[in-house]
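S.K.: Take this structure, written in structure tokens, and hold onto it; I'll ask about it next.
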């Protein structure tokens, strides 16, 4: 059974590029493009790794991250946050909410793929 | 703290030039020789009748002896010295600098003002770059688009076995995103250009407006003669930004309304008749007290009009109007002295306060302050108050107990002050 990534992102062409890369790497990719019901989508899909954008329609990625970390089901879910808001305060906010990794746009494909793999491996290795 | 060496020194200089003995001059104007000696050695401040009598006896214009402008320069030089404490300066010789090298003193103060204005501009731009929601949105769009192009282009280059269908889709995506990038970049450039057009001035709009007031002695002849406030603001060359013009027009509208309610040809004689009592004048003209404060401060300075200053602030204490009287320089930057009745008035809106205050050089003023609503009163929100303070120079000491005040803490050397918020940069001399 293949590993699943849930991609919460609202830019269609970024979705297409990331989906293409992850699927060629052997991942099952599920897409969600709204912020307001993203937590429900995560609970429904139960992904192995979550790739989460910050600027989403309806709700910010920071709020979604905070809710996921306070939920016992998703508190340890590997979460890679992607954002065009790369200021130090944004990074610090994401880290304070418990993000697994924070990556600023534009990113390289290899870097993004490598980080998704690393997060999954680190999570799978946990007892 | 150096005492101002200007007025006394000038009196002495003119007396000696005319070959008069100190005792003779003192007798001529009806004061003791020892008192004149104290004046000449800058140990007593003078104004009003004594100054007029001395200028008459020395056959010179009173303004020649007045130290108002120079006192303001001294205060600004002290502020300039305070702005870079790492470079020690001869604070006790500031008066000499002003008296002997007025051109250099003016140059230093002008550069200091410009430096502070530039610092404020940089601070404002920094705030804007950090908090401007439009800029943030444009930047986000540019970075998102670049991100899509970069990822897609990397797939096209790095995937030799990419099928024709995928290839076509990704080429199409790059085309779409590159068009979007062009649009979002142009929008961001237009936004930045718009910001730079708005901010051609290095001074804040408020500073620009009050520099214009200062340059005209706070008496605007064009508006006294019924000129249009907006047109007047538009033609003032030194008001070079939309924000400053808008602010100036607002102040000029108030000035015009005051001038209309209290025409100069009626108000000035009435002010003399009522001994410059704002409360009596407010009753006579049927106008609010704060309007009389403003009107008194706009009177053209003359031998029979006392030296009048005016300062106002908003509810946060930020200074708005500044007209410095001789002997109490009001700060160009930052907050004023917390002991000014201006601030006390904010704690009891609508209640006029009258106090005698004394500046560091011994200059005394009758300070009258009032906090008043800054706009119309409404039921659906609490009133916002402004406070305004009129400063009328007192002739010599009257025996009343005065509240010792300063200009602002950084350049005030008074010790044992409960209101001090930061140490002074001045040495005690």
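Using the three backbone atoms N, Cα and C, a Cβ is placed for every residue, glycine included.
Pulled from TrEMBL, these are the listed features:
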- A:4-120: domain 'Response regulatory' (DOMAIN)
- A:53: 4-aspartylphosphate (MOD_RES)
S.K.: Applying a 10 Å Cβ distance cut-off over all chains shown, what neighbour count does the residue listed as '4-aspartylphosphate' have?
M.R.: 24
S.K.: So what's the mean pLDDT when you look at the domain 'Response regulatory' (A:4-120)?
M.R.: 93
S.K.: For the domain 'Response regulatory' (A:4-120), give the DSSP counts of helix residues, strand residues and coil residues.
M.R.: 52 helix, 24 strand, 41 coil
